[in-house]
């Protein structure tokens, strides 16, 4: 009888095993074994005429349909399974079992193999799993299990493989795991496990695979774990592990094939002994805080992938030998990827890079955002399997080697943000597999290559900010999503072929000399999200071409010659977040709905015939047709009165001539101002400021005082700058500011609303300038709160990192990039003849930057400004000069030796301005003495002490952010990278030799990239594709 029971039990066990194996493929899910399901499946099969691989052969009446190939079982695992006391293997993987694992499984003391992977099991791992005392294989991967790894698991001394990866387990890893002396594999990746890695793991001398990646583990790796010489795979990536790697890691882990510790908090140098782990295939050390030189990897002959990016590796100098490790890879014939971007690697690319065994296998060479200089070695053309070559945002020079055209498999070529020059070689036309071509921000010259039209796979093309010329040429393919041809001297018209780019997402041809109308075919690009046409010579109506662009988010048509009314349909563009129509010839009523309700996202300045709109736009009211008719009659009457009035005026000319002689000097100064500005009397200003009361005094400068005033006629709050004419240089300052502001018109320049030149009640000469009142005062008060503790609403004055970057970009309009644009526009008789001569500010500093209610920066105080009288092609041009040349600490050093003012002088001031913005230290601070200045203070602190020199108010940014620790750590890392990048820009602008200062074109571009990077880090992960910045600023 007993013998019969044993046979039955073994037969049942075998049946279960076979059933589970047959149910391993997913096609159909059924939840009950009944004839209805069976008949439905047979009817489904009957409709299929052919199944050549025999996948449905088992679907017939001779077997139960639960045994059919591809049928998947759902529902709970029956607790009766605990009655199968002789069961040795239970394989129920790749099904849809749900609910909890029945605790009755703990009765199966003979069970050796348990695989419940890839189901929908919930609840906790049963603690009585320890009852399965003979368990060898324990797989629960890819379920929805919660709780922790049971302490009792450590009593299963026969366990060799444990896989609980991809669940929702939390709590600590129990130290009892160290009792599993036979354990070979332990997979716990992609859970929520926390705490330290237990010391007891060092006792697992047979351990081959340790996979703890994607958890919340912290602390350091126990030293005993690094002595597990049997380890083959070690993956603890995406955790919060810290500490240094042991110097002898290569000796203690000789069998290692994969070492993956990316996205942690490791520091120190990479041990040179790593080269002794000769079986290593994957070395992944990215997203940590490693520094120093990359060691030789010469002995790693089996290496396939090396990722070192986002660390602090290298010394960054042009004479550094940071790239020599590339030559140590000459004997790695299987290397596929070398990724080392976002480090401090300096020096030049070695010639050996194309003369090694790398050439047969390397597919990814990614070195962008380092300090690599010199030329691109011609041997790079030997890397014939290369698919991605990215060395952008470095300091490469010279030309692109022609043998780069040999890389026929290349999909991505990004060399933007370097100092490359010459023509774009014709050999690049051989790269027909290209998907991304980025050559922006270099010094390429010549015509835009005609072969660009032949690229059929290109998705993104960026040639912006070069010295290219000619008509627009681009691939006429529907695959193109991103096209940036801005700032490259494009001429003629935008071709009708633009309409062929039906999937285009971003089009930027701004800052060129394109003319004509917007082609109507652009309406075919109905998915267009960003369209930038600013600073060209476009004209015509904007209504018809853009009417179909309903997906548009940013539309910038500023600084052109468009005319007609603003189309009302723009109100219905629900995705439109930024609209810039400023400085055109648009007229008529301004719409009031949609984007037009947001004055901070819509710009219409410089269109003199616009009217209506929201009050924030400060446009005149629209006049009806009847009012216009009555106005013509009124003008006729007024003309008659004026004619007769002139006769009376002639009678008093003689008496007025005496007054004219008395005030001749005054009028000479005032003549530089537009006559339209001289329309406020002394009495009006006296009344507006309550008799220039001390309670309305808001500032005292070198040449006068500034008062807050109120004009009851129009309700405007104003700022009145009263010149102290007894002060030497005040009159010249008044004249300089009037002359400068007559030449420029820009939303980030503090505009003079009105002026007054007359006599005060004492009979003395009186001169004043009237500005729009900036409610948030000067930037200096926000950087140094001790000057004014609270803002207008009584809150403490604190500027976030993004706000400071925004203001830095606002202020950038006064730098030579802006001057060049003015010169280019003047050369083409553009911008309504407003920009006759470029301006050099000469006194750029935080106290001269004023902030409006939205914390947008406005550059003011042009009292020291200089007008450039000859072509801007002469960098250090002849200028008009008045008074001093700037403020101590901000003025360029060469000004102290009597040098002429120059564009570079403003760039120097801007660099000091940037350093002050983010350190919170004024260049005249008391801490700077004994040859220490702000420049040296920052330069000597980089890179290790970047956070220590940062304004303490910035260091607390995001501390209360309601996010996971992983996100906070990522934000902190990006925060630190952004600060370092800004400091480098500030230093590059404020070098003492004017010719070595950074191109202001690169300054503007890099600040925008820094802002975009930091803003993207603040978004949820799913939203981190290219998105508009949170505040619209001018460029």
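Cβ coordinates come from backbone N, Cα and C, glycine included.
TrEMBL annotations: computationally assigned, not manually curated.
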Range among 590-613, 614-637, 638-661, 662-685 that TrEMBL annotates as transmembrane segment: 638-661
Segment-level pLDDT (mean, integer) for the domain 'Protein kinase' (692-972): 70
DSSP three-state assignment (helix, strand or coil) for residue 721 (ATP binding site): strand
Cβ atoms near residue 721 (ATP binding site) (within 10 Å, other residues, all chains): 23
